[in-house]
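Enquirer: Per TrEMBL, the features are:
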- 7-278: domain 'Homogentisate 1,2-dioxygenase N-terminal' (DOMAIN)
- 280-433: domain 'Homogentisate 1,2-dioxygenase C-terminal' (DOMAIN)
- 291: active site, proton acceptor (ACT_SITE)
- 334, 340, 370: Fe cation binding site (BINDING)
- 349, 370: homogentisate binding site (BINDING)
């Protein structure tokens, strides 16, 4: 694609715009006078005293420091919220039809005004929680950028590629790719058509690669396949005012300045935005019998303080081979101590071939039963078991969380996309119980 990107997950990178060679200070972070007369500014993604393995920070060398702005003032949050008590709890299985994208001919909607919170839990003030949002937009952000002071955004485009300009450089992110913009990083989103996608936001922790245990040193999402942008700057004065939108304690605030925030000539550190192509995921699966737990499909995890329990996992269900013998191969019927929010980027999800559509979603809340619909169960209970490709041309994913998530008023009502007949896909399941059954003689 001609993109300038560096490879590796969580690496220490150093990058300078080729127009200004030698713009990174040598041997120190903040010299008395920086090369080219730049300002040194540190962006901290962790406490100074975190263990080295979890310490995250980057040094930015910029034309003007980000502190030069007018005061922040409150602005409308639209459908973005952290109010988890807007409506009464709903433990039912929930399915959303594809979320509507506003027509550009009717109303111009950019990434920020197109954010809609579907569900979440916890609290950005105490730095413990998550939120799940949809973005539906049709126009690029003009002289405007976004900063999330509350947490990290894991962005999953579903329709339309997005060009994300950050303080660290540019990334083009297409459907079937994801990107992570970590807490405090300023970014702007350009779109090229009517665009839709999903966002998993986590408060208080950062995403990391899951531990592999007995899998060994390689597999799942390999570190080398993550990509980080290289330094790119614009020295641009904006006389009419450049708007910084700040998400802080669940609310939106904006301020004005007269220059572009993307004025970082050079940077170094390990706290960066990054992207990943889901096609690079090395799938593991059962090769004998039974159905392995979906944790084998974890791309990224945001760990809690409890060992083995995530605030949120990002899990995918990519194309793969199904070869298990004597086995009902689709996902089994299940009640879970975790919340499961499913999305579909493309294709048909194996356990719900009808009804669950790209750009839609489902939520199966803590301890709410779910599993294959009638057609899926009947077909796979009688199928001839031979090696077969599963999920070809498909990419479904799951945001799984140990939090019990509340659905917003927008998710339950305002969006008008909830399928009220979802429960009916299980209504025709019938009893196959035979009290006279005997094992076949061998």
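Even glycines carry a Cβ here, placed using N, Cα and C.
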Enquirer: Where the distance is taken from Cα to Cα, which of the recorded positions 291, 334, 370 turns out closest to residue 349 (homogentisate binding site)?
Expert: 370
Enquirer: Relative to the Cα of the residue listed as 'active site, proton acceptor', which of the binding-site residues 334, 340, 370 has the closest Cα?
Expert: 334
Enquirer: Using the CB centroid of 334, 340, 370 as the Fe cation site centre, which other residues of the same chain sit with their CB within 8 A?
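Expert: Result: 331, 335, 336, 364, 368, 369, 371.
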Enquirer: State which of the following recorded positions has the fewest other Cβ atoms within 10 Å around its Cβ: 291, 370.
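Expert: Fewest other Cβ atoms within 10 Å, among the recorded positions 291, 370, is found for 291.
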Enquirer: Pick the one among the binding-site residues 334, 340 whose Cβ has the fewest other Cβ atoms within 10 Å in this structure.
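Expert: Per-residue Cβ counts within 10 Å for the binding-site residues 334, 340 bottom out at 334.
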